[in-house]
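Over in Swiss-Prot, the protein carries these features:
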- T40: active site, charge relay system (ACT_SITE)
- H43: active site, charge relay system (ACT_SITE)
- C38, H63, E64: Zn(2+) 1 binding site (BINDING)
- C93, C96, C99, C107: Zn(2+) 2 binding site (BINDING)
- I175, D195, R200, L262, G263, I264, I286, Y287: NAD(+) binding site (BINDING)
Amino acid sequence: MKALSKLKAEEGIWMIDVPEPELGHNDVMIKIRKTAICGTDVHIYNWDDWSQKTIPVPMVVGHEYVGEVVAIGQEVKGFKIGDRVSGEGHITCGYCRNCRGGRTHLCRNTIGVGVNRAGCFAQYLVIPAFNAFKIPDNISDELAAIFDPFGNAVHTALSFDLVGEDVLVSGAGPIGIMAAAVCKHVGARHVVITDVNEYRLELARKMGVTRAVNVSQENLTDVMAELGMTEGFDVGLEMSGAPAAFRTLLNTMNHGGRVALLGIPPSDMAIDWNQVIFKGLFIKGIYGREMFETWYKMATLIQSGLDLTPIITHRFSIDDFQKGFDIMRSGQSGKVILNWD
């Protein structure tokens, strides 16, 4: 079958033929319709330090997808041939304390689809049936293909009560923009997003944020004053991994504020801990999606009117995958869809 593989320990992704995956007793086989390129895939393409330490070569990559169930293992219940599915990219062990306690998103033995085992940039994908999620009929293939990153956004945004709150989102990548849209949709008052990438700030404006602030041109405290904010932000969502952005977020949080941290900063990042301690801030680390509460919330948010379509900016045939990676690497895109049909 056709697949995109990290074939060599150098920059790039290559299209090759690989054998179809084998179906286990508890697995489903999915014929891929559409995939989306994740920032993780760009890291793997670039072959940065993280990728060199993490990715075995060769490896079929990718973990954002939608497809159709075409084969079912003999032990599988609850799925049938023809079901339209996406899937949770974190495969958990099932036997650690968190898994047995129902907190599978905190499994200490997680294996990543397209990172530690073969991914979805292929004509067929096999995953445990536990990881598959049926897509409601009124959600399009394109939206279903971005459920994985949308789940990061939903998990981060819904970490805290948002109704009537003022929210700061630092980092206007696709996940940050989707998180901001979720905050606004569920009843936050002011939702402000910051970045230095004007293309993506304009995407955020299309998604309905209160203010999209280019911090290289505007002062965030001036924006807060314009909005009539007399105190700091109640909720902060750090999506950028940029030390300067995180420090600004801490500086502008209200006392008792709550911070969800999804962006991965450098290991040696220094912050002013006085901002955390004397403000009584609560900081929560976020990884992945809650299984499967986040997934159900994703579906119902879209069904209740949340419009994510502006975040999908480019579409390519899988044969033109290089164009997709080039536009993702440029930073001048939202989500990029690769069509396998």
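Backbone N, Cα and C atoms are what each Cβ position is placed from, and that goes for glycine too.
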Query: Cβ-Cβ under 8 Å from G263 (NAD(+) binding site), same chain, 6 or more residues apart: which ones?
result: S170, G171, E238, M239, S240, G241, A242, A245, F246
Task: Work out how many Å separate C93 (Zn(2+) 2 binding site) and Y287 (NAD(+) binding site) at their Cα atoms, rounded off.
output: 16
Message: Just to confirm: which same-chain residues, 6+ apart in sequence, have a Cβ under 8 Å from the Cβ of E64 (Zn(2+) 1 binding site)?
response: T35, A36, I37, C38, G89, C120, A145, I146, F147, D148, P149
Message: Spatially, and counting Cα to Cα, which of the recorded positions is closest to D195 (NAD(+) binding site)? Options: T40, H63, C96, C107.
response: T40
Message: Long-range neighbours only, meaning 6 or more apart in sequence with Cβ under 8 Å: which ones does L262 (NAD(+) binding site) have?
response: N152, T156, I175, L237, E238, M239, I286, Y287
Query: Could you tell me the C-alpha distance between T40 (active site, charge relay system) and H63 (Zn(2+) 1 binding site) in angstrom, no decimals?
result: 9
Message: My understanding is the cutoff is Cβ-Cβ under 8 Å with a sequence separation of 6 or more in the same chain; which residues meet that for C99 (Zn(2+) 2 binding site)?
response: T92, C93, C107
- line: Students should find that the Cβ of C93 (Zn(2+) 2 binding site) has, within 10 Å, a number of other Cβ atoms equal to 14
Task: Using C-alpha atoms only, work out the spacing between R200 (NAD(+) binding site) and H43 (active site, charge relay system) and round it to an integer in Å.
output: 19
Message: For the C-alpha pair, I'd like the distance in angstrom between C96 (Zn(2+) 2 binding site) and H63 (Zn(2+) 1 binding site), rounded off.
response: 24
- prompt: Other residues with Cβ within 8 Å of the Cβ centroid of C93, C96, C99, C107 at the Zn(2+) 2 site?
  reply: T92, G94, Y95, R97, N98, R100, T104, R108, N109, T110
Message: So if I measure Cβ to Cβ from H63 (Zn(2+) 1 binding site) and keep only same-chain residues at least 6 apart in sequence, which ones fall under 8 Å?
response: C38, T40, G89, G112, V113, G114, V115, G119, C120, D148
- prompt: Between the binding-site residues C96, I175, I264, where is the Cβ count within 10 Å the lowest?
  reply: I264
Field: Structural state of E64 (Zn(2+) 1 binding site), classified by DSSP into three states
entry: strand
